Amino acid sequence: MAGLVDFQDEEQVKSFLENMEVECHYQCYREKDPEGCYRLVDYLEGIQKNFDEAAKVLKFNCEKYGHGDSCYKLGAYYVTGKGGLTQDLKAASSCFLMACEKPGKKSVESCHNVGLLAHDGQVNEDGQPDLGKARDYYSRACDGGYAASCFNLSAMFLQGAPGFPKDMGLACKYSMKACDLGHVWACANASRMYKLGDGVDKDEAKAEVLKNRARQLHKEQQKNVQPLTFG
């Protein structure tokens, strides 16, 4: 049948991939299609393993078109120094911030990453954690259903810090939300709070339910861990 590729035929596969690269280049640079640029990145990463070129396309697509998922991936490149880029956490934070403000598959995770970097403090002018900014971006990601952000919020309210008082009620609220989203340690923390009546009314039955939920999540995570294979 015309148009179908026989993937057992090396020449057909080679021709197919070459055509794919040309098509993605055309979509990106001639048709000015940000999604075409992102497909070109997928091709460069997945087929050619050319991460230096992929970094250039990501930078172009993020800066020129503000493509959210490209900004997210460019931020990840800056975090590790991938694709020939100099490792730069401030640049990474800027990229994640752009992605956070844009619709996209990685928008919520980008907000979480902005929170993480603000919480860590290395990207801040004084090198100290910016707990207000961290809380704001964790909150956005948590509202978007990102479990790790909800858990981090619960930990912030659980521990407290200068200018950021402890609030066990909020700590429990965010632990419960993270637990509902499948975060095993959040379930364990919430269970303990209900068992002790710490920030909430003591409820041993609810504590037991949450403890069992934590156990079940842990069991599922262990089941999903792939064994190492050699040879």
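Backbone N, Cα and C atoms are what each Cβ position is placed from, and that goes for glycine too.
Look at Swiss-Prot and you will find Ala2 tagged as N-acetylalanine.
Sequence annotations record features per position, and here Swiss-Prot assigns repeat 'Sel1-like 1' to 34-66. Long-range neighbours of the repeat 'Sel1-like 1' (34-66) within the same chain, counting only residues 6 or more positions beyond its ends whose Cβ lies under 8 Å from a Cβ of the stretch, are 17, 20-21, 24-28, 73-74, 77, 82-85, 95, 98, 102.
Each residue in the repeat 'Sel1-like 2' (68-104) has a pLDDT score, and their mean in this model is 96. Here Swiss-Prot flags 68-104 as repeat 'Sel1-like 2'.
Tertiary proximity for the repeat 'Sel1-like 3' (108-146) is limited to same-chain residues at least six positions away from its ends with a CB under 8 Å from its CB atoms, namely 68, 71-72, 75, 89-90, 92-93, 96-100, 152-153, 156, 161, 163-164, 174, 177-178, 181. For 108-146, the entry in Swiss-Prot reads repeat 'Sel1-like 3'.
The repeat 'Sel1-like 4' annotation in Swiss-Prot covers 147-183. DSSP labels the residues of the repeat 'Sel1-like 4' (147-183) in these numbers: 26 helix, 2 strand, 9 coil.
The list of residues near the repeat 'Sel1-like 5' (184-219) in space but at least 6 beyond its ends in sequence, with Cβ under 8 angstroms from a Cβ of it, reads 147, 150-151, 154, 158, 167-172, 174-178. Residues annotated as repeat 'Sel1-like 5' in Swiss-Prot: 184-219.
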Can you name the far-off residues of the same chain, 6+ from the ends of the repeat 'Sel1-like 2' (68-104), with a Cβ under 8 Å from a Cβ of it?
34, 37-38, 41, 51-59, 61-62, 110-111, 113-114, 117-118, 122-123, 137, 140
